[in-house]
Ligand code: PGD
């Protein structure tokens with residue numbers, strides 16, 4: 001029996017075991033807001049729900065959540081994020097009521113914007129807050145038109161297909177008269193623009209060659225700049241958690257595992273892989289060195305280049321140095337990336353001589369000229385000639401949302417949309433808002449420079465003059481680069497409204513704050529597994545909302561009433577009726593399929609599904625277990641061309657050539673980043689990596705006691721190599737100041753050989769906690785990485801963020817350690 005069959009059997013076994021879980025017992029019942037709709041909240045018992053971090057079983061006692069556990073166990077890799085639901089719901093820093101900033105309430109036309117983040121808060125009645133938002137929104141629309149209103153509102157929000165805060169905001173804004181939106185995202189800003197030019201699809205959010213094939217066919221697995229053991233704790237919808245199981249099997253497989261990253265992270269440690277540590281932001285040079293070696297030793301696939309790519313001949317003069325007098329030899333690369341030439345050569349041959357799957361993360365493209373690394377990787381893999389084979393090639397999503405887990409045949413649950421199915425007054429605005437949109441990570445520049453025109457992927461975009469900002473489900477004062485510039489930019493609009501669960505740094509920078517429920521205080525539904533569709537998870541309300549918090553659907557429905565568009569907004573349905581509609585559509589879809597196609601899984605009608613309160617699990621198909629990314633194209637590139645102009649992999653892009661950008665040429669190129677270790681006259685000493693955190697989802701969960709397990713000196717930990725630390729007189733556990741020309745933060749020193757000399761690592765997502773909000777460039781007491789990052793675009797092509805390109809200095813903090821304020825309530829006037 002093949003490994004594939006084995007792992008298919010084990011997958012089916014796991015899913016079978018899940019399906020056989022006993023029904024949860026509902027005990028005491030009491031009337032609640034849903035009782036009138038035929039459903040009830042329980043005061044004692046268990047509720048099954050779901051979050052980005054998996055399907056959860058909550059224990060309820062006397063109407064309160066007392067325990068939270070994963071519903072089932074899919075591997076031995078623990079996911080601690082699943083244990084903190086009660087703390088999330090009853091957090092000290094919950095926003096329980098609507099609040100308005102004092103100066104804004106006194107005079108919304110002259111709201112003393114400079115006091116944002118430093119003013120007092122006044123509690124108001126919910127209905128008054130709704131009226132105030134509606135009045136000021138109408139005023140701005142009248143004065144400035146739709147382009148005066150920004151609702152791009154980026155963020156990871158909570159899971160759930162109905163309470164999708166950003167979509168709900170867009171739906172309201174579309175129907176009520178339009179808004180300025182945003183393009184792209186912070187995760188893959190550079191790659192999602194470059195990859196369509198190279199391989200004809202965005203690639204970063206595509207299903208990967210299936211894991212069973214990797215386990216059966218790959219000889220070498222390379223993890224290049226990724227940390228799946230941390231990032232697979234979460235998924236965009238609800239994590240199916242199957243990726244962990246496959247990494248467990250990979251660890252046991254005996255395959256050669258290579259890990260390329262300046263930081264020896266949890267994944268390298270877990271897999272016990274060979275660690276190769278290039279300098280940050282120099283992967284392109286290293287890849288070029290490998291390509292040079294392959295070319296010079298005639299160890300590359302001419303057949304692949306001829307049949308499946310275009311432009312290698314135009315790339316070659318650059319590789320060989322004929323066009324710029326710099327041959328990209330391994331020795332040349334070694335000087336830049338800090339990995340010796342011999343290792344570069346050995347790696348190149350190891351990849352060529354073996355069936356090699358290169359799994360790359362996205363951190364390398366969140367860097368200056370971030371368009372280049374994945375383009376160079378595709379060029380390298382084209383030379384290796386293994387793209388589209390079982391177990392070979394590259395994959396850009398094995399570290400994200402369980403990519404590579406085979407897809408199930410399933411009924412698919414839809415979600416609420418930003419338009420309406422019945423049309424409605426705002427439909428034309430869908431077009432218009434897209435017209436006004438600008439790249440998401442250019443928000444601070446856009447606020448500060450109305451009327452400025454920028455290049456973007458061959459087009460020109462002019463920033464609108466924004467005077468009203470509405471943000472939901474995101475935390476820009478933690479996620480956006482160069483916080484101190486954002487603080488200045490944020491003072492530009494007259495009005496800022498934020499719907500939030502907690503007093504986050506972003507909520508504190510608003511004028512009007514609307515208290516929002518957690519997903520455990522409202523009903524919702526979600527698919528399980530972004531790529532796998534392994535199930536449908538009910539997200540049943542577990543407890544009553546805290547304080548006067550409302551779900552986003554209710555807040556926007558109430559706002560819609562003020563604009564006489566309630567009917568269009570809700571389409572006459574409650575949130576629960578939307579859930580029923582989406583589930584029933586999936587049920588009907590499944591009913592049309594043969595039972596055999598669904599591996600015998602029968603969906604139940606909505607009422608039964610909802611009352612039983614347990615997920616439906618689907619089975620992966622044999623076809624999906626045999627899925628090979630790019631296989632169709634490789635089988636017949638004429639019949640199955642890629643979506644590029646040539647239909648082939650574009651090693652050289654004439655489309656990009658025509659753009660004539662100085663910072664993104666027509667083939668993968670090594671560009672020096674604006675700050676890096678190899679630069680002359682370095683403005684600071686260490687390159688800081690701001691990777692995704694292990695024990696949070698970005699900024700989510702920074703306010704629960706899980707933080708106590710990783711905080712050092714009460715702050716965000718910073719990894720520093722012991723040799724670097726010694727030179728600076730820093731000891732393990734010291735409180736340190738990390739600083740550069742853009743700002744300063746406090747952090748706790750962790751001395752470890754798991755970070756390359758000259759490099760420090762501090763994860764993004766610690767809540768920005770300004771020591772003195774009234775002071776420019778004040779120190780952040782908690783250690784938010786983005787106080788130090790640079791807010792310039794990757795290039796004119798993609799305008800992605802460059803959050804991994806920065807140098808910092810570090811020293812022992814000798815003054816009295818200031819107390820944190822960010823996890824407490826701000827000063828509130830009752
Ligand atoms: P989250 O912490 O998930 O971060 O940035 P993002 O803003 O997505 O923020 C979500 C917020 O939504 C939280 O404050 C949460 O309380 C709130 N929320 C949750 N559910 C609801 C809801 O139902 N309704 C409402 N109204 N609010 C809700 C993440 C972003 O950071 C991303 S995606 C990436 S990839 C970037 N990565 C980096 C990086 O690698 N390095 C740096 N330096 N910076 C980055 N920033 C980016």
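We count from 1, first residue shown onward.
Glycine is no exception: its Cβ is also placed from the backbone N, Cα and C atoms.
Bear in mind that TrEMBL entries carry predicted annotations, made automatically and left uncurated.
Keep in mind it's a predicted model, so treat the numbers as computed, not measured.
Taken from TrEMBL, the feature Mo-bis(molybdopterin guanine dinucleotide) binding site covers 156, 366, 475, 479, 522, 552, 786. Marked as domain 'Molybdopterin oxidoreductase N-terminal' by TrEMBL: 49-90. As annotated by TrEMBL, domain 'Molybdopterin oxidoreductase' applies to 94-561. Annotation comment: TrEMBL describes 686-804 as domain 'Molybdopterin dinucleotide-binding'.
In the three-state DSSP reading, residue 475 (Mo-bis(molybdopterin guanine dinucleotide) binding site) counts as coil. Long-range contacts of the domain 'Molybdopterin oxidoreductase N-terminal' (49-90) within the same chain, counting only residues at least 6 positions beyond its ends with a Cβ under 8 Å from a Cβ of the stretch, are 14, 17-18, 21, 24, 30, 41-43, 156, 158-159, 229, 233-242, 244-245, 247-248, 270, 518-521, 526, 528, 535, 537-540, 542-544, 546, 615, 695-697, 700-701, 704-706, 709.
Residue pairs drawn from 156, 366, 475, 479, 522, 552, 786, the listed Mo-bis(molybdopterin guanine dinucleotide) binders, are separated by up to 35 Å at the Cα level. Other C-beta atoms found within 10 angstroms of the C-beta of residue 786 (Mo-bis(molybdopterin guanine dinucleotide) binding site) number 29, with every protein chain shown included. Within the set of binding-site residues 156, 475, 479, 522, 552, 786, 156, 475, 479, 552, 786 have a CB atom less than 6 Å from some atom of ligand 1.
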